[in-house]
Amino acid sequence: MDTLRWQAGTLFLLDQTKLPFEEIYLPCHSWQDVRQAISVLAVRGAPAIGVAAAYAVVLAARTLCQKGGDTPFLTDLETICRDLDAARPTAVNLHWALTQMMACARQHEADGAEATTAALEEKAVAIHKADIAINTAMARFGADELEKISRPLTLLTHCNAGALATAGVGTALGVIRELHRRGQVSMVYADETRPLLQGARLTAFELMADHIPVTLITDNMAAWTLKTKGVDAIIVGADRIAANGDTANKIGTYGLSLMARELDIPLYIAAPASTFDLSIADGSQIPIEERNHDEVRSFRGAAAALPETPVFNPAFDVTPHENIRAIVTEQGIIHRPDAISVPAFFQH
Ligand code: MRU
């Protein structure tokens, strides 16, 4: 089952709003289709959003080519990229992929719109393929690192940082998959991850499909699970990591990091280089996406609260770097991330 597939000029996205009950692919024929899919979380998870956005730029370029028009091709493409970028403000992989695509467009500008569109398609396919390889490299580095704590391991994860959040085996779940392949996973506790239940609907589903032992818990069971179930480590993904290692990830991760610190359980982040935003010094500058209040007041159309109930619905929170034991990347491990170790890691 692929999270996304590029076939004969159409992007097919596995509709994650329907999982795990229905496996339906959404055909995206235009960049607006992709934008809509990103907004409603039909495709979600920072790396997967980046890959989808890259293909959205190809679809946009193709339309601009066919349409012609008075404004220059590149100006129109830039406007579309800005619109796509706004679809999910926290996940920096989206911005990263769009920046890559625009750089490619500029590089081929002199060749004309059609040649640029062909180059953009090649670039999107390259970003897609690279994500697969990045996940595999990260999985090996992460498994080597976690095996140092205990063999086998009991782990806890939050949200979905799996194959469904990427084009490959996943970030945090990629590490777990590799540990399982080595026979080193006793149990994975998966937080259900309110309000949209990525843990229950996606992580539990993914791990069960791969016969990896998983136990689903509600988010408010995490502290007790960590205290009583012999959890060796927590491993999660990330949506944006500042230059000092402060990490934005699905709402609830910050709370987990406080529990982990209190209980002396190491917290690991698994994220590709494209999730780092070295232009910001710390997590206070990470934009936090706030989503529709109905996501909290209801689920799948069933009311959970009165419709007029006031709600706060941040989709992400920021875990301070002091609470993170290490960040696993495709280039290796950043131990005890901080304002010195993170920039130094990317300078080599
Ligand atoms: O709102 P979502 O489902 O896109 O949030 C996803 C997460 O927070 C993931 O943990 C993160 O993107 C890393 S995915 C490899």
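Cβ atoms here come from the backbone N, Cα and C positions, even for glycine.
Copied from TrEMBL, the annotated features are:
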- Arg44, Gly45, Ala46, Arg88, Gln198, Asn249, Lys250: substrate binding site (BINDING)
- Cys159: site 'Transition state stabilizer' (SITE)
- Asp239: active site, proton donor (ACT_SITE)
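On the structure: features taken from TrEMBL.
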| residue | record | Cβ within 10 Å |
| --- | --- | --- |
| Arg44 | substrate binding site | 26 |
| Gly45 | substrate binding site | 30 |
| Ala46 | substrate binding site | 28 |
| Arg88 | substrate binding site | 26 |
| Cys159 | site 'Transition state stabilizer' | 28 |
| Gln198 | substrate binding site | 27 |
| Asp239 | active site, proton donor | 32 |
| Asn249 | substrate binding site | 29 |
| Lys250 | substrate binding site | 26 |
Exercise for the section: Write out, in the order they occur in the sequence, the residues of the chain not among Arg44, Gly45, Ala46, Arg88, Gln198, Asn249, Lys250 that have a C-beta within 8 Å of the mean position of the C-beta atoms of the recorded substrate site. Expected result: Ile49, Ala91, Cys159, Asn160, Ala161, Ala165, Gly237, Asp239, Ala315, Phe316
Problem - Cα proximity to Cys159 (site 'Transition state stabilizer'), best match among binding-site residues Gly45, Ala46, Arg88 - result: Gly45
Practice task
May I ask for the distance between Arg88 (substrate binding site) and Asp239 (active site, proton donor), taken between their Cα atoms and rounded to an integer number of Å?
Solution key: 10
Practice task
Give the distance between the Cα atoms of Ala46 (substrate binding site) and Asp239 (active site, proton donor), rounded to the nearest whole Å.
Solution key: 5
Practice task
May I ask you to report the DSSP-based helix, strand or coil state of Asp239 (active site, proton donor)?
Solution key: coil
Practice task
Over all pairs in Arg44, Gly45, Ala46, Arg88, Gln198, Asn249, Lys250, the listed substrate binding residues, work out the largest Cα-Cα distance in Å.
Solution key: 16
Practice task
To the nearest whole angstrom, state the Cα distance for the pair Asn249 (substrate binding site) and Asp239 (active site, proton donor).
Solution key: 5
